[in-house]
Every structure is written in structure tokens, then in C-alpha cells.
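What TrEMBL annotates here:
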{"type": "ACT_SITE", "residues": "T200", "note": "active site, nucleophile"}
{"type": "BINDING", "residues": "R228, I229, G230, D231, T250, G251, E252, G253", "note": "substrate binding site"}
Amino acid sequence: MARWAIAIHGGAGVDPNLPESRQEEAKRVLARCLQTGVDLLRAGASALDVVEAVVRELETDPFFNSGRGSALTRRGTVEMEASIMDGRGRRCGAVSGVSTVKNPVSLARRVMDKSPHSYLAFDGAEEFAREQGLETVDNNYFITEDNVGMLKLAKEAGSILFDYRIPLAGTDTCSALAGADNHNGMVMNGLPISIYAPETVGCAAVDSSGFTAAATSTGGLMNKMTGRIGDSPLIGSGTYACGACAVSCTGEGEAIIRSTLARDVAAVMEYKGLPLQEAVDYCVQERLDEGFAGLIAVSGTGEVAYGFNCTGMFRGCATEDGFMEVGIWE
């Protein structure tokens, strides 16, 4: 019998000034969702069922950037995306541009299990969801008061809010957003990126049979262009699972896409013979160029690992031998 293990994340790049109350709230959500996965694995559930169930829990809670609580487009609407991958045979499913499906990760699972395709988007994904009888809700269900306020700030400054909320030094929120030429903080395509906002979610697991799976779900960037697609639904970039490992990524989507980050972890394990944590460290340190991101991973033998090159990552992990951890910082 193999050893089961699970890792989850709620996004990488955390404002170091995030209020203690928000940190504790994040840990409570992570701990609850992690326990859901642990209970399922102890009961003998498959890794595939576990990652779907855990990400559904994370999508339903408005704290993180997936499902309810997703980031808003410049039009003030929600366009969500998700993917899931089964390490057995490397089957996969993904969706983008989803606006009414309550749990996008379950739609991705249906694409994998019930369609001849691996990826559906926008109207085609929505139509398939209705055909499959998945629960749908009005787009307003996903919109929170906090995110409406963040979108207003972003629009006033003509900025994009992104998966890292690292404040620009010596400025308040509004002036940080307005200072497009300020190089004290991080920028993307010349636009300043600042203030805390909710994050992408993901889960990677290996079950007692040694089979792996991974899933990732997000609302994307705040004030993003409509139609923008990030790394989360892209197999090999935001999500990957095979016999060696399962990986879910979070962070600067464009950088993760360029580096095919999730697949690279498996590749260096397979081709360089690195153990899981060394493979994760190598990819985070060497493959992102100037990008910032984080990831969680499990191996087919029951190890857990994570890595990030930014300020903090919401995360949790547990193994069959009794180890359990929820954390944010180093």
C-alpha cells in the first residue's frame, strides 16, 4: 500500500501587512478544507475525487479567488477558469470563461469524464454544464462587496490587481495604484500591482493506491480584460499530474504559462532524477525568469512539497503518518 498525502493552496504573494484577523480567517478556511481532504483519503477515496471535493469547498468559500469571491473583469463580471488532471493515464479536463457554473472544477471534471475533449470555454463550456445538469447561478452570486471595492480602485487608477499584493513602499493604496512610473514595487506590463486581494486555489493529492491528481481554480486578475485566460486551466502550466507527482500552481499566470511550471516539476523528477522538494525548489528558482509564483506538490510515494519566490503563500498539507500543517509565511 502506498502512503496518501495532500497539499492545498489559496494563492501565493501575500501582503506582509495583511491584518492578523484576515490571516487567521485564511488559516481557518485552509484547515477546514484540508481536513475534508484528509477525511476522504482516510476513508479510501481516490485522489481524483479528493482534489475535486477540496477545490469545490474552496470555491464555495468567498475568502479566496475562485467560485464565489472571484476577481472581477473590467466590466464588473466574473469569468472563472479551472482544470483537473488524473495521474492515471494523464487524463485531464479544463474550462475557461465560466460565468454561471457554481463549481467550475466540477465542470472541468465533467469535460474530462463525459466529453471527447480536454478543454471547453465560454459559451461552449456553459452549454455543456447545462447539458450535464450542473448547478448554475446568476453571475451576481460570485460577486462580493470587497471585490467591487477593489475593482473601483483599480479602475480609478487604470491598473490591474494581480495575484501578488505587495504594497509599493511609502505610499497608500490609492497613490500606489496611480503611480504607474513608481519602481519601488512590482509591475506587470508597466502597470503597478498592489493591495491585498483574494487568491487562486488548488489541491494536489496521492491516494493509498499511489495514484495522483491535481486541480486548480481561479477568477483570474482583478480588472482583467474580458476573455483573458491565465495559467490555471492550462494543463502543464497551472496543473499537472502523472505517476511521479501532482502539482498545482499559483501566481503570475503569464510567467507560469511561459515556464510550463507544473509540468517542469515532473520533468526534472523524471529526467534529472531529483526528489520532489528539490524538483520544486529548482523550478521555482530557475524556471520563472523574472516572474513570481508558488506551487504545491505531492509525489507518488506520499511526499509533500511547496515552494514560492514571493512574500508568502496560503497553504496546507498533510500526510498519512500524521503530519499536518497550515501556513502563510516562510
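Yeah, the Cβs are placed from backbone N, Cα and C, and that goes for glycine too.
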Cβ atoms within 10 Å, counted per site: which of G230, G251, G253 has the most, among these binding-site residues? G251
Where among the binding-site residues D231, E252 do you find the Cβ with the fewest other Cβ atoms within 10 Å? E252
Near T200 (active site, nucleophile), how many other Cβ atoms are within 10 Å of its Cβ? 33
Around the Cβ of I229 (substrate binding site), how many other Cβ atoms lie within 10 Å? Please give the count over every shown protein chain. 19
Distance, T200 (active site, nucleophile) to D231 (substrate binding site) (CA atoms, angstrom): 11
Whole-number Å value for how far the residue listed as 'active site, nucleophile' lies from E252 (substrate binding site) (Cα to Cα): 11
